[in-house]
Structures are given as C-alpha cells and as structure tokens.
C-alpha cells in the first residue's frame, strides 16, 4: 500500500463527504450552481474509471428552510420533521444535477445500527455494491427522521468514514469550510502552521483538533480526526479540503491547499475493518502494562492482564481495550459476557473452569478478533491458525 499521495483519478473508489454549509445557504436554500459544478467534477472522475460515492449532509438544513423554522438549535422532533422534508429536496437536487451527465443517483439513508450490527452492515454493503455495479452514484445520508440523540452517528464525517471502510474505498474526501488541519486554530493563533501531510494520527495530532461546528452542520475538526482514525486504520487515505470554490475536486487536483492523511500500511480483512470502526463499543477492558506489551506483540488478551471490566456486554460484542495510560489501544470481540469477565479478570486461565463452572476460552479476547487502534500500534493483529472461526460475527 502506497504512503505517497496520488492524484484523485488514480484512486479506485472514492467517498466524498459534503458539509451542510457548502450545500445550503441559510437565506436562499440550495446552492444549485455549486452542486452542478461538483457533479461535473464527479462525472470527470467517473470518466477516468473512478467509482464515486457521496455522503451528503443538508437534509435538515434544507428542510428547516422550506419549513421556515427559526434560527438556532432545533428540538429533536423539529430536526426529524425538517429531515423528512429536506431528504426529498436533497435527493431530487442530486438526481437532477447528476442526470445532466447521464448519471443515475441512488439514495441510501442509514441509521447507526446499519453499520454497527454485523448483519445489517453486510446488507447495506451489498446494496451499495450493487448500485456501484450498475453504474449509479450512491447518495448517502443519516436517516435523521428516525435517529435519536442517543442513537445516531451525530455527524456525517464519521458516517462517511464508516461508509468508506464498509465499501473498501481507498480514499475519503471531506469537503467543508475548512481547508485542512492546522497546528492550532488559525483565526486564534497567527503562528498556526498548516499540515499538508499527516503520516499518522498521533495524540499530538488529535490535540490539534478544536473548534465547534457552524449552526448548519454538526461536524468540526474533532469529528474529522475521528473519521481519519476510522478510515486510515482500514487502509483508506483521507483528504480534508475546502469545498467553498466551485469545482472543489478539480481545485484539489490543481493543487489547492488540503491535508492528506496517509493510510495504515497494514492489510485489513473486511471483518476486522468492521471491528476497528465500531462507533459505540458495548464496554471496555482496562489492562496492565504487561498485557499491553503482549497485545502489541500479536498475542491474545488473557484474563490475568485485565484489571477492570466496564459496561454490560455479551460474548461476541465489540469492546474497547484500555491500556495502562488510560487511552484506548485496541478493539476486539469479547470472549465472555461482562459478568463472567468480571469474575475471571486478573485470574490465570487455568482457574477459569473452577471459577465459572465450565472450561471456557483461555483468552478474554482472542488475537484473531483483535485490532490495534492506538497510534503507536495502528495495525491489525495478524491472524493465526489457532482459534480461527471463534467469535466470528
């Protein structure tokens, strides 16, 4: 896998995320001329053999304009009503703009469960794959008409990253009113440096993410870095670029300022990609330094190295693994229910049968079901022959 930046036309499958503020004017509604210019860019990429998917914000912003809702934060039911109206307007706009290039648009509305529950994830992936096979451009958005505050992606940056990993894209482009990553907010710090290339998302890079989003959108640099962690861990490069100019993709190709995030050099399997990208782990295991060293060496997580079990989860659920520093270092599929995990935490594997009353697995999380997510690891644990088929979702 190359760590060098390539021209957009040299990628195989590209996911493009559009921020609400780019697509919708608070006073006049849809920015039709801008959308037409973007669709011309998409058509140009497709003509060069690139498959393109779009994650488009804007349904709520369009709906609130049509419904003449007041400025400021909306109540949940107001947001859902605005989304119901706006989704129709948004889908029609994309369909009309793409049709001028003889491209068919296909609308897909996702909820959190469509990427977090394995069976629904596979079904959504199959549907998107079929649309691409038929030559369509999938236009994807969160289904805000049914999403609640507690059960939602919350922003389309992370949704776009999950879509990118779902479909095996090799590039994610986040277009917004931000032209890339700076060492500090440039409007607050005149000495802030622009980062053209990010080789790895380290804690220092994460600390550079600041800033709240605009009223029309829910995203910000924080969510873009989160999206980058999901995408790059799965081997997908990411670009953050300004979408303000007409023909924003052509502008990137022409050398406009943007930040490029290099993909992880590690190969990924579809199943492990799903594990790594889970947005809402069901619980967590806090481990000691010795266990962390073992995981980084490609070993399974044994009960002896577990210091604390948090949350309520079942065997096979995705859980976060917290290192000695207190930061998440990995994710994996639980080998035991939370109650059983608490009973055997800190114990030797040989004691499991006596404690639980049956001879369970020796590992709390098997290496075949484990993905390192910390920057210093940032890799997938290699699969072994031992235990293959166990805990496969």
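Here the Cβ of each residue, glycine as well, is placed from N, Cα and C on the backbone.
Pulled from Swiss-Prot, these are the features on record:
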type: BINDING; residues: 17, 176, 177; note: ATP binding site
type: BINDING; residues: 57, 144, 156; note: substrate binding site
type: DOMAIN; residues: 282-359; note: domain 'PUA'
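Positions of Swiss-Prot features highlighted on the structure.
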residue: 17; record: ATP binding site; CB count, 10 Å: 30
residue: 57; record: substrate binding site; CB count, 10 Å: 29
residue: 144; record: substrate binding site; CB count, 10 Å: 24
residue: 156; record: substrate binding site; CB count, 10 Å: 27
residue: 176; record: ATP binding site; CB count, 10 Å: 27
residue: 177; record: ATP binding site; CB count, 10 Å: 15
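The shortest Cα-Cα distance between residue 144 (substrate binding site) and any of the binding-site residues 17, 176, 177 is the one to 17. Each residue of the domain 'PUA' (282-359) gets a DSSP state, and the totals for helix, strand and coil are 26 helix, 23 strand, 29 coil. Cα separation, residue 57 (substrate binding site) to residue 176 (ATP binding site), rounded: 10 Å. Comparing C-alpha positions, residue 156 (substrate binding site) sits nearest to 17 among the binding-site residues 17, 176, 177.
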